[in-house]
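Notes for the one structure printed next.
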Amino acid sequence: MSSKEVKTALKSARDAIRNKEYKEALKHCKTVLKQEKNNYNAWVFIGVAAAELEQPDQAQGAYKKAAELEPEQLLAWQGLASLYEKCNQVNAKDDLPGVYQKLLDLYESADRQKWCDVCKKLVALYHQEKKHLEVARTWHRLIKTRQEDGADRQELYELWRKLSQLLAENIEDQNNETQQMLLTAFENALDLADNIPSEDHQVLYRNFIQCLSKFPHETTKLKKACEEMIAIYPTVQYPLEVICLYLIDSGSLTSEGHQYCCKLVEMNSKSGPGLIGLGIIALQDKKYEDAVRHLTEGLKESPVCIAGWCHLAEAQVKMHRPKEAILSCNQALKTIDNFGASGGNLHQKNLCLRLKAEALLKLSDGASSEEAVRTLDQVSDVDNTPGLLVLQGLACLNTGAVDKATKIMEDLVTSYPDLAEAHALEGRVHFTKKDYVQAEVSFQRALEKDAEVAEYHYQLGLTYWFMGEETRKDKTKALTHFLKAARLDAHMGKVFCYLGHYYRDVAGDRNRARGCYRKAFELDDNDAESGAAAVDLSLELEDTETALAILTAVTQKASAGAAKWAWLRRGLYHLKAGQHSQAVADLQAALRADPKDCNCWESLGEAYLSRGGYTTALKSFMKASELNPDSTYSVFKVAAIQQILGRYSEAIAQYQLIIKMKEDYVPALKGLGECHLLLGKVALVDFLDGKAVDYVEQALGYFTRALQHRADVSCLWKLVGDACTCLHPVSPSKVHVHVLGALLGQKEGQEVLKKEELLSLGGRCYGRALKLMSTSNTWCDLGINYYRQVQHLAETGSSMSDLTELLEKSLHCLKKAVRLDSNNHLHWNALGVVACYRGVGNYALAQHCFIKSIQAEQINAAAWTNLGVLYLATENIEQAHEAFKMAQSLDPSYLLCWIGQALIAERVGSYDTMDLFRHTTELSMHTEGAIGYAYWVCTTLQDKSNRETELYQYNILEMNAIPAAQGVLCKYVERIQNSASAFTMLGYLNEHLQLKKEAAEAYQRATTLLHSAEDQNTYNVAVRNWGRLLCSIGDYDRAIQAFKSTPLVELEDIIGFALALFMKGLYKESGSAYERALAVCKSEQDKAHILTAMAIVEYKQGKMDAAKSFLFKCSILKEPTAESLQALCALGLAMRDATLSKAALNELLKHIKRRNDYHSCLLMSAIYALQGHSVAVQRQVAKAVHSNPADPALWSLLSRIVAQYTQRSAKGGAVAGNVAHILDLNHGKKALLYTAVNQLAMGSSTAEDKSNTALKTIQKAAFLSPDDPAVWAGLMAACHADDKLALLNNTQPKRVDLYLALRSAVAASLKDKEILQNYNQSLEKWSFSQVVTGLIDTGKTSEAESLCTQSLKSNPDQPAVILLLRQVQCMSLLESQKPLPDAVLEELQKTVMSNSTSVPAWQWLAQVYQSQGMMGAAEMCYRKSLQVASQQGNWSGKLSSLLKLALLALEVCMANVSGDHWSSLVQEATSEALKVCFSPLAVFLQALLQFNRKMGARETRRLLERIVYQTGYPSSIVSAARWYLLRHLYAKDDPELIDVLVRNAETHGDKRILELNRKLSAQ
């Protein structure tokens, strides 16, 4: 290609680029390059086209190639620069500065404007990359070029200003050359500025000063710049702030600096630098308050001023505010750490650390001193600075390191003998060692070196304060130095504290002392000692306002748990002022500060007590007592509060603790006496008179001991009088009180006082109290005492003349009490009561007194009641009713007004009488209310005709009247023991409650009281009642004697006598007595009863015909009684004459309304049982239950019948027993036993139900009926069954050692039970067999054998015991697995034959034969047991025999013995068992037979799956069936069914099957 063609191609390429046909341009360029490889323009065009086509690498290569070819040509470099500017690649940015430099070189001579543009681009690039030096140099070159080009002043100003802006960032990272160029830029810009002053110029100056402030070496320029700016802009704060901060940091605040600060503060009162500067100047002038104020305010505005914090800390240390100083130092150190450690900062840091250590040492506590040591360790070059070594020594002293402090002190004194601080430290060391003489010398040396240090004077004064005896007496030296210290340092609070001590304790000037203490506290509000002393002295000087002001000021700013002294004192102040709630709050705050201050707890207790918070006060005093067990006061207050709260026993225990510490502590003795007296009064209210007497006796003992120490205390004598008088209601026979001789005027010993003597002693003690202090209350108590003496003498039969003098004395005393205090309603009331007494009978005076009492106290139920009694006594019924009604309205719970209303109702014959008396007994116990209620209950009970009335239902049944009346009457006779009618009523009520022994005792007491009475008929009735009850409780001899003591003419006496003879076993005499009664008897019904009784007497003598004859006579009477027909029916049963029994029962059913009642049902069932109809027995009772479902007796009977006759319905029997127990507890006691027996009869199915086991049921029965031998026997059976079940479940039996204990319980329960001897003997035999069986099962054969042998020794003729003995003896032989000799087998056979009616005996013999391999003999024995069970109707025996027979045959089958006999026997026995009842075991045995015949047969699987998957089978049988089914399935190789079976086993937790599955699957 020719050169012309090349030019044409290049032209085409240029045109293509212009037309944006870049690819076309590339083609042309490539064409050119094929001809001329080094064509510059072609390479440039390729670069342009590639760049436009976004192919930067190709473009870069092309431009570089072009630049290489012609480096002095611009096009390639311009293209490369443009490419790099657009490209974001890292290497492009790295290469761009070089490209710009090349362009600068090319443009410098060619185009100055473009040179400037490239230069600015290059600077921007350098600035972006933070190449500050290159920025400075390049921009400086630009300025120089523009200067050469003749740029104007404004342009140059802008260029220098721009340079200052470019370099002002990141000054800290710049080198010295760059920084100098920056300053030059600012200076030139300022010089070239035209608009002065102006906003831009001000900003520029501000930036210049800000820049200078960052250059520590340019302080001169900084100061100059600030001064210049201040001159130009006098109202601008910034330069002033900068120069102030500079002067502050440099520590060169002169008068000039002071002017700057003042000017700054004038311009802005909140200027931080200005205030800090003023604070530092104030500190230099020792104006510490101003310094702290200015510095604190300044640092709020300028918190990063390290020098400010340091100076603030220094000022605070000078003002003895160590805690504040520590905070300031910490803030300074934090700021230093944030700004980094330069040389200046290091100095400031050391200064801060020193100040912090000094402040910490002023706190004086160990923790602060330890921190001071750690702080000093951070100071550099501490070992070479004496001042720091002194601080280190003081820190060691405060932490207890005296030896180390001594070493530091000695080194300092040696190295710096002229250093005052060293000698002061020496003095401190000696002072700590209590070597005050040497301390004095050292402090004097320190003062010689520097006499103007307040601390040295204070320490010397302190040394004199604690020095020897002379100085202690004369503290003038101490005072002198304290005063000098106070003069030198007016902020040293502790010196003013000791000045306060001096003026208070030595000079006795309390006003001046208070002033010193207040000054000390003002200086240091943490000085609790000074504050407390100031408050205490203010209170002593009666300046409560000042004291309260101090306390309030402290408590308001105190944090939680602080200022205990202030809270405590303010609390005590409020307590004294009666402001109890505020006192409580303050004392609680004090306790938050010190929870272990027992005094504080005591004060809080007093505060609670003052506002009536007894419980909280009690807790407070108890806490105080815990903290200080030796504090008598705390324990006493605990006891006193418990006494107030009515916790007398606890109070007594506390008082006893005090008496152990101080035997003669009279308040505790008095408290003990009061508590026992109060307990006695409580016992009197509860009618526990014996207890009351004992408590009063103890109270008198304590009061006497107190009087031995303080006989001059009136209240003690009054309390003795109260104790003697309070027993007035107690029966004289119970009052025998031991009184110490000291109370009776004797020197030693004690006497027993009766009631009369005790009341008289009470009167004398009241008199003694009146001699010491005459009060209206004591006069009233004395008057009441005389009145009680009169009452007692009247009860004992004294004549009225003997009582007159005492009554006059009583009236005189009560009138005296009224005169002394006419507004006391109790005095008027007491006077009215005495005026009513029959020996006085002054009703007008009594009425006047009661009215005066009401006037004195409007709410006065007692006075209204007494007024009502007065009206009732005078037959004014309506007025009495109104008075009682008024009393009721005032106090509905006041008992006596209700008794008054009840008496009125009784008098007028109201139906509400009984209800009112009942209400009185519900309110409280009172003799009148009790006897009234008991009388009306007995009266209602005696009326047999009202049983169906609503009145009877409500008053007797619903209100539970009988036990309620019996309860109150018991209390009545406890106190009033001479009322025969009360004892008779009590006996009658006890009879109704089946409390026969108690009834007999009550009747006996009535008989004794009536023995000498004139009314012989009443006496005979009492004896009759007594005899009847003696007979009921089995005391027949005394019953016979009682009835013999009567004339025996009344029918009731004769039949009672006859019954007693009968029960004693004297049947002939009893029969004669009944004949005598029959002769006297007039009523047909009574005759029938007597004939029935005579028939029973004949029956007892074995005269059946005579008995039948008497009963037939009864039946032919006009009105035969149900009892006689029942007796005839029972006689038929006893004679086993079903026809007679049935005829009698049919006749009986004609005469009774309810055919299905318990007795008729029992008789009918007995007849069916006699006829052998077991199912009919159950049906009869079930029918009766259906007719009377609410009768618990019938449900109980049904449960018993099922257990005895139809065990197959045991589940129903258990349910019936539970129903009986729910309906009625009395029947339910026995029903629980029947329930348990039925549960046992149900077998293991109930045992698997953990919530309903026979064992739990029988345990409940034993708890409710511990005297029933059958219950203990049942418990033995339940334990045995539980142990068997445990073995079945492969667990350890729990009750293996209970059998002998339970047999002992059975034997103990059978003692003295003469009724049903045959039943008892059978029970005892069964229990014996059960014990032996249990011992055999648990492996205790030797004990079982010993038990059997002992039983046979006492009675050899016991076939059952012999059988048990042979079973025990055979155990060891069978365990040896040796064949038994024929002789042994023959002996065993004989033993079983002697027990041929025993099913278990034949089964046991069969098991013996089976163990010997004698299967035929075993089969014969099982068949024999089956025969015996069938003959006896023994359902369970029959079932067990069949199952055991089937098991025997199956064992033979599984031994693969040939023949069909045994397999057919299995089938036959199990089929018969299933006919008896559904038996899971029988079904399982059939399945096993099939498994043995054809293991893999489908029938085998069907039978086993029925057991495994159907419900109703016990878990043990199901588990065994799973075992065989799994073997069957593996034999059939059926994995699907195997998985189903394994899942079933997992669900039921059958581990045995899972283990078998693992073994079979591994084979």
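Every residue gets a Cβ built from N, Cα and C, even glycine.
Sequence annotations record features per position, and here Swiss-Prot assigns N-acetylserine to Ser2 based on similarity to another entry.
Tertiary proximity for the repeat 'TPR 1' (6-39) is limited to same-chain residues at least six positions away from its ends with a CB under 8 Å from its CB atoms, namely 45-46, 48-50, 52-53, 69. As annotated by Swiss-Prot, repeat 'TPR 1' applies to 6-39, with the evidence given as sequence analysis.
Within the chain carrying the repeat 'TPR 2' (40-73), a Cβ under 8 angstroms from the stretch's Cβ atoms is held by residues 10, 13-14, 16-17, 20, 22-23, 25-26, 28-30, 32-33, 79-80, 82-83, 86-87, 89, 92, 102, 106, all 6 or more beyond its ends. Per Swiss-Prot, the feature repeat 'TPR 2' maps to 40-73.
Away from its own ends, the repeat 'TPR 5' (307-339) comes close to residues 248-249, 251, 272, 276, 279-280, 283, 286, 288-289, 291-292, 295-296, 298-299, 345, 348-349, 351-353, 355-356, 358-360, 362-363, 489, 491-494, 523-524, 526 of its chain (Cβ-Cβ under 8 Å, at least six residues beyond either end). What Swiss-Prot lists as repeat 'TPR 5' is 307-339.
Long-range contacts of the repeat 'TPR 8' (455-492) within its own chain (CB-CB distance under 8 A, at least 6 residues past either end) are made by residues 288, 318-320, 420, 424, 427-428, 431, 434, 436-437, 439-440, 443-444, 446-447, 498-499, 501-502, 506, 523. Taken from Swiss-Prot, the feature repeat 'TPR 8' applies to 455-492.
Residues annotated as repeat 'TPR 10' in Swiss-Prot: 564-597. Shown for the repeat 'TPR 10' (564-597): DSSP residue counts in helix, strand and coil, namely 27 helix, 0 strand, 7 coil.
For the repeat 'TPR 11' (598-631), the model's average pLDDT works out to 90. Annotation source Swiss-Prot lists repeat 'TPR 11' at 598-631.
Per Swiss-Prot, the feature repeat 'TPR 13' maps to 633-665; the stated evidence is sequence analysis.
Residues of the same chain lying 6 or more positions beyond the ends of the repeat 'TPR 14' (673-713) and with a Cβ under 8 Å from any Cβ of it are 643, 646, 648-649, 651-652, 655, 664, 666, 719-720, 722-724, 726-727, 729-731, 734-740, 742-743, 772, 924-925, 971-972, 974-975. The repeat 'TPR 14' annotation in Swiss-Prot covers 673-713.
Across the repeat 'TPR 18' (980-1013), DSSP assigns 28 helix, 0 strand, 6 coil. Under the heading repeat 'TPR 18', Swiss-Prot lists 980-1013.
What Swiss-Prot records for 1055-1084 is repeat 'TPR 20'. Helix, strand and coil counts from DSSP across the repeat 'TPR 20' (1055-1084) read 25 helix, 0 strand, 5 coil.
Residues or ranges marked as repeat 'TPR 21' in Swiss-Prot (evidence: sequence analysis): 1325-1358. Sorting each residue of the repeat 'TPR 21' (1325-1358) by its DSSP state yields 27 helix, 0 strand, 7 coil.
Same-chain residues lying 6 or more positions outside the repeat 'TPR 22' (1399-1432) and placing a CB less than 8 Å from one of its CB atoms are 1363, 1367, 1370, 1374, 1379-1380, 1385, 1388-1389, 1391-1392, 1438, 1440-1442, 1444-1445, 1448-1449, 1451-1452, 1465. Under the heading repeat 'TPR 22', Swiss-Prot lists 1399-1432, citing sequence analysis as support.
The residues of the repeat 'TPR 13' (633-665), classed with DSSP into helix (H, G, I), strand (E, B) and coil, number 26 helix, 0 strand, 7 coil. Broken down by DSSP into helix, strand and coil, the repeat 'TPR 1' (6-39) contains 27 helix, 0 strand, 7 coil.
In the repeat 'TPR 11' (598-631), helix, strand and coil residues by DSSP number 27 helix, 0 strand, 7 coil.
Helix, strand and coil counts from DSSP across the repeat 'TPR 8' (455-492) read 30 helix, 0 strand, 8 coil.
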